[in-house]
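Novice: Take a look at this one; I'll ask things after.
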Amino acid sequence: MRPALAVGLVFAGCCSNVIFLELLARKHPGCGNIVTFAQFLFIAVEGFLFEADLGRKPPAIPIRYYAIMVTMFFTVSVVNNYALNLNIAMPLHMIFRSGSLIANMILGIIILKKRYSIFKYTSIALVSVGIFICTFMSAKQVTSQSSLSENDGFQAFVWWLLGIGALTFALLMSARMGIFQETLYKRFGKHSKEALFYNHALPLPGFVFLASDIYDHAVLFNKSELYEVPVIGVTLPIMWFYLLMNVITQYVCIRGVFILTTECASLTVTLVVTLRKFVSLIFSILYFRNPFTLWHWLGTLFVFIGTLMYTEVWNHLGTTRSEPQKDNKQN
């Protein structure tokens, strides 16, 4: 029941979160820092009050392990963002990040000595190809509307190679972080709420270096048009309303992901999160009426088939059908 609930939280929270994030980004494209800070602060305060019991409850997992996990998460975020400065176009950036399923499976085989069925391998390949198609076509539509700078010579090629190396490192580090979480839960038990709190509370001091940018966007948010919130009738600047809803939906999304990490294997978590990214992409395209081509439908088909293969739904259907037959024979 808990895995099903977690999957529901991931899809409901993350997909609705995309709407408010896109509404924020369309008005102020550089608002990423204030959005991230608000999300981290909300989750940290909620965890401090209800999970850490105002700091009186000691963590079940030692802080040093959370510090390692936070370092991995911070490194992945910084490297992914910096790769855009190394002649890496956004389509290529999105394609690489869509390869997380394969990276997780490879590291699972190497580190955890896992083995998967041919159906699992095929399903992961199909899901990755489907998301590759959708993200590439969507990014292509965006980049075709903007002017691209010309790159020439050996120096540009070297920077591009460094960018590829950075993206590859971030991809493997992200997969390694998922496996690290899985091994921690096997050793210390499942503590999704605690992990959610410490993974968002420990990085908070780092936002001091972004204080100036956060303050500038807070001023811009104050200047946005007023909006009356339905039902409660409170009036506030509409950008703050978007940010509030983004924070709430992000909390629901992240909470679902952390519950999922305690209930399922790392590869399953990665599959669900990757599917969520795909659904968010499709939802965003439909909601904001962006072009949805034949290639997008092809990608949708690949992801759908890959998901059915991974969950081995045909085997479950076969088992369900065989049970009544056995009951009839016994009667």
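Glycine residues also receive a Cβ, built from the backbone N, Cα and C atoms like all the rest.
As annotated by TrEMBL, transmembrane segment applies to 32-51, 63-83, 124-142, 154-175, 196-215, 227-245, 257-288, 294-311.
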Novice: Below 8 angstroms Cβ to Cβ, which residues of this chain, lying six or more residues outside the transmembrane segment (32-51), approach it?
Specialist: 21, 24-25, 57, 193-194, 196-198, 200-201, 203-204, 207, 210, 213-214, 217-218, 221, 243, 246-248, 250-251, 254
Novice: Pairs of Cβ atoms less than 8 Å apart decide it: which stretch in 63-83, 154-175, 196-215, 227-245, 294-311 has the most with the transmembrane segment (257-288)?
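Specialist: Selected stretch: 294-311, with the most Cβ pairs under 8 Å.
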